[in-house]
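Among the features that TrEMBL reports, active site, nucleophile is placed at C373. The S-adenosyl-L-methionine binding site annotation in TrEMBL covers C255, S256, G257, P258, G259, G260, K261, E280, D320. Residues annotated as domain 'SAM-dependent MTase RsmB/NOP-type' in TrEMBL: 162-439.
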Amino acid sequence: MSNPRQVALDLLLRVEETDSYINLLLSSVLEKSGLPEIDRGLVQELSYGALRWQLQYDEFINLLTPGKVLSAKVRISLRLGLHQLFRMRVPAHAAIHETVEMVKRFERSAAGLVNAVLRNCDRAGFDSLLGQVTENKPAIEVMAITHSHPKWVVTALISALELDGKGGEIEQLLIANNDTPEINLAALPGSNAQQALLELGLTPGDASPISFIAHGNPEPLLATPGVRVQDQGSQLVALALLAVGDKSGSWLDMCSGPGGKSALLQAGIAEQGGLLDCLEPAPHRAELVRQALNPKLQANVIVGYGQEAKQNSYDAILLDAPCSGLGSVRRKPESRWRKTPEQLANLTKIQAELLEAAVLALKSGGYLLYSTCSPIVVETNTQVKLILDRHPELELENANQVLNGINPSLQLPSGRKTAQLWTHLHTTDAMFMALIRKK
């Protein structure tokens with residue numbers, strides 16, 4: 001039988017070496033491991049935890065191994081050992097012994113160093129180590145190390161919060177970004193899913209009126225027709241467009257993969273006969289969209305770029321644009337390590353191209369909802385301002401009023417027209433939304 005620590009190490013090595021997302025690899029890795037349920041939970045906690053706290057653990061490792069060059073496997077093993085020492089209920093002797101034994105199997109010469117680092121960390125204690133690695137550092141860097149976020153991300157999040165009048169809430173946001181997210185289910189309109197989930201005793205979510213919280217493995221619940229796993233923020237994106245769009249008209253999901261929002265749009269317009277096109281450039285992601293959709297309802301999945309959308313063809317368009325993903329780091333902790341400020345320039349260029357194409361594809365009187373799973377200002381309000389400046393025929397609608405109409409308990413500021421959900425306030429991914437109407 002597989003060793004859960006070894007499975008976690010192999011998983012993290014794949015994430016690092018192939019730029020894969022852990023949430024997309026985890027299920028298949030666990031299935032192949034043959035581990036019992038309790039050990040599968042250990043793999044998940046170890047791998048997600050070591051990934052979330054990577055920057056902080058590396059600071060501790062660097063403090064105790066000055067000048068040493070460590071292989072990726074040894075460094076990841078140390079992160080796993082530190083996570084057990086400081087954030088799991090694993091006895092210190094077991095955490096150290098198991099990590100050292102694991103390292104012996106692939107790099108015996110490093111076992112002594114790993115043993116010494118973990119013993120010294122255990123002896124020093126977490127508070128002492130954190131104090132040493134943050135001593136005399138600027139406030140931004142202290143926050144970055146304390147909450148394990150790159151400095152530039154902390155700075156960018158502060159700017160986004162300040163724009164929303166919440167500049168003093170950065171610590172709360174960073175803490176929330178490291179929380180383990182609940183598993184959110186969506187009960188699609190037009191199905192009996194909502195009633196079925198209520199009868200099973202599931203608790204409705206706080207943010208989206210079609211959401212439910214799943215505890216444990218959600219797989220058995222997904223056998224219920226109309227039930228999907230989907231963050232409440234993503235649900236609200238689709239629900240906002242459904243609240244204003246002509247449900248009997250032509251709809252486009254411009255960047256549709258992997259299909260969660262497409263499925264919700266399809267279900268939401270089906271009763272009134274709306275027609276949905278789903279554009280997705282990557283063939284494997286287009287296949288995921290097909291799998292997410294209800295084959296009994298109308299929808300066309302088109303392998304193609306959003307920039308190729310037919311002009312003047314749609315009454316409602318969802319542009320959930322490619323972005324930095326820095327609003328969903330609870331679910332995809334590696335996002336914070338993947339992106340750089342330099343990469344944002346390329347992303348914002350693509351976002352601007354897609355927005356331009358969306359405006360051209362929209363009919364007069366139609367609605368465009370632009371969304372990102374990022375609160376970073378250059379990806380959100382800056383993009384909206386630029387497209388409005390270029391197109392006087394566009395009008396910015398009040399997305400906050402629409403969302404408050406869907407769920408009054410959101411209490412979004414109706415004085416602002418663009419909407420920003422926050423993980424620490426709404427327990428959703430930090431989704432941004434702008435609702436634009438073509439005159």
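Cβ coordinates are placed from backbone N, Cα and C, and glycine is handled just like the others.
Where TrEMBL records a feature, it is marked here on the structure.
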{"residue": "C255", "record": "S-adenosyl-L-methionine binding site", "DSSP (3 states)": "coil"}
{"residue": "K261", "record": "S-adenosyl-L-methionine binding site", "DSSP (3 states)": "helix"}
{"residue": "D320", "record": "S-adenosyl-L-methionine binding site", "DSSP (3 states)": "strand"}
{"residue": "C373", "record": "active site, nucleophile", "DSSP (3 states)": "coil"}
Fill in the blank from the handout: Most isolated by CB count within 10 A, of the recorded positions C255, C373, is C255
Handout entry: Entries of C255, G257, G259, K261 which, being binding-site residues, have CA atoms within 10 angstroms of C373 (active site, nucleophile)
Key = none
Completion exercise
Counting only residues outside C255, S256, G257, P258, G259, G260, K261, E280, D320 in the same chain, those with C-beta within 8 angstroms of the S-adenosyl-L-methionine site's C-beta centroid are D253, S262, C278, R285, L288, V289, A292
Completion exercise
Taking all protein chains shown into account, the Cβ-based neighbour count within 10 Å for G259 (S-adenosyl-L-methionine binding site) is 24
Problem - Distance in Å spanning the most remote Cα pair of C255, S256, G257, P258, G259, G260, K261, E280, D320, given for S-adenosyl-L-methionine - result: 13
